């Protein structure tokens, strides 16, 4: 809300009280405030000229210009898309030097990590700009999904995150229409989450939760990417018009209220009936099979003459798993070789039913090939008979552009994962990749690189790695030989970083990255020479002077460290501490993990435990750890690091969303029985303290078991193929709570919060008071509040009737530290529909844990400044 003015604080000379306008009804986790000497770029948004500001440190404010262009345009687009005005009187976005999450959708004050909001064309990689655009769009989408309408409970958090993760691409397309956002969605979200959801230890999108650890587990790729993928699927089988109208009706019905997924299903179903869209069942019946069940199907298609018969089974990577059969309502469509225009028709023409075994399609006699799931709008994999795989392979080699680019990526992703799961032979899947020398689109290459990296991880410690390396080099040699395919230099970056098609840049970055990883001489020579020249011309007074093309800086830094000695590693570390750019620091963290010297990697690991002295920010520690663990030279040491330091890591990082899991999941690349036993032993030792990382541990162990099975069944087959083809080079009752949910017998109606932060005093003390007015929904003799890391000095409970106020005595105070509950046992029963007021006087200290009201620092004009930020979600 807007400030309504300031008044001097007579009790504290030099301080003022700032008042803000009363907010609209909103969830408490969406409240945020920031106190800092920041500057802003000011714009207006929508036809109503809503003030729109982007805030940053004074010496970084020039790099907020892109965000200030994108934000208002995306906000206006979402007003048009949802047909509902943005309800707040202003919008602020602020770039914070320290922030645990990527961003947070606080209503009217969106908080970001600096690297996800600030952009400088000659310094920031195009891939980071892509992330900036879609994160801004994601958070602005939350102004409707999450803020205007909030899920009733955390089990439906996917409604927030899934919708924002889908429509973020629509908002991004509004401001950068040439960047092929739906192609990026298929690779970055849909195909990415299909692996995780093929594990036995995946989970339904909507799942009951009863404690904080279970809630934290829900902030994963299933809620975000699978949620987005099934929403996209629903858009296509309902039609765009039905989908948008139904969503708008839902948002209008539940604005400033809570809702559950069934409420959305009802409004979409009503609109489908109005528009006479034919469905095999109600929207609820269809979508419950996708949200209440774990996993997804593989659709098997078999051709017999002109008839194609299709059935479904659950797709699991672990072939030893036995379970009760699971089936879905599956929307199907089919594209024939005789009608390639069919790729534009993504609606469902046929449905698989949960209770029906097969359906059929009819082909024309001259159809050489067919593809199910046009533009991969459906959330499932497709397996074909051998004849159709061969026909698709032939088409890719001879005229790959006859097949839609998304379906080219789908064919590759499905085939390589079907081979991984044992559904088809690897010779079929790998043969499909051989056409890639002709492919100039980013998405098929990105899909293949991601899938083949699994083979690399399995082979890199077996002595068979040279065969893999030779094959990858055979794929990229024709691309590298093209006259226009030169190693990127700074002059290639367009003015202000205004890229026409960012996927072209990402394609070149991918190819050069693969070349250097496979030790291709031209790539190694270019990268190491640029590193040496950059180092020789480095000036510590201007460490961020542009010298390298930002899109290959990470590659150059990594090669400089990999090919160098300790001096090169120390130089990169020095630059990490000198640079003023958050995105630059991310590249340098990755580069420091590129060394093959175990003693340097051990030094790096030790630095992660002391961010106060090493300069590595707390928000970046888990990311740096993942980089180290991905390096074969650092993998064993990384495992020992977690095993020895688990309690320290848990104490420091268990409060952040998914942070603790990032110290577990990198070990999913283990592939021996010995490593599996190490992992199981560690689980036994720390199982009681895994908390929100418990599911990640089970998923990691399952992945390792899959890897071991792959080594036993597929290693010889894959190596032989590579040798031949790579030779060219819970319920709640009124009263005391029994889970993490606050009791519902009281409904807050107004909060008056006052906080005084004394940031110039040792220990950063804070104090203040809060007054909460609430109405009793169900009689009870207690009140439960959330309290974390503060000292309560005094609490007053009062019954309020008009102008009359009656004190109610507190019999007992209970602090439940496990659930952050402050429970008040009262001397008398609270009365139905009566208003009560609680006033709490408190004090505490600002922490640096990036949760609640916390402090961080930044440097301005060689002076270290402190700033305080609030994060109410955690």
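Our numbering is plain: 1 for the first residue shown, then up by one each step along the chain.
Cβ coordinates come from backbone N, Cα and C, glycine included.
Heads up, TrEMBL stuff is auto-annotated, nobody curated it.
The annotation in TrEMBL ties 138, 142 to Zn(2+), and of the candidates under consideration, 115, 120, 161, the one tied to the same site is 161.
Cα of residue 142 (Zn(2+) binding site) to Cα of residue 224 (site 'Transition state stabilizer'): a distance of 13 Å.
Looking only at Cα atoms, residue 224 (site 'Transition state stabilizer') sits nearest to 161 among the recorded positions 138, 139, 161. Across the structure, residue 139 (active site, proton acceptor) and residue 161 (Zn(2+) binding site) are spaced 10 Å apart at their Cα atoms.
Surrounding the centroid of the Cβ atoms of 138, 142, 161, where the record places Zn(2+), the chain contributes additional residues within 8 Å, namely 105, 139, 141, 145, 146, 160, 163, 164, 165, 168, 224. Note on residue 138 (Zn(2+) binding site): other Cβ atoms within 10 Å of its Cβ, all shown chains, come to 28. Secondary structure at residue 138 (Zn(2+) binding site), taken from DSSP and collapsed to helix, strand or coil, is helix. Counting every protein chain shown, the Cβ of residue 224 (site 'Transition state stabilizer') has 23 other Cβ atoms within 10 Å.
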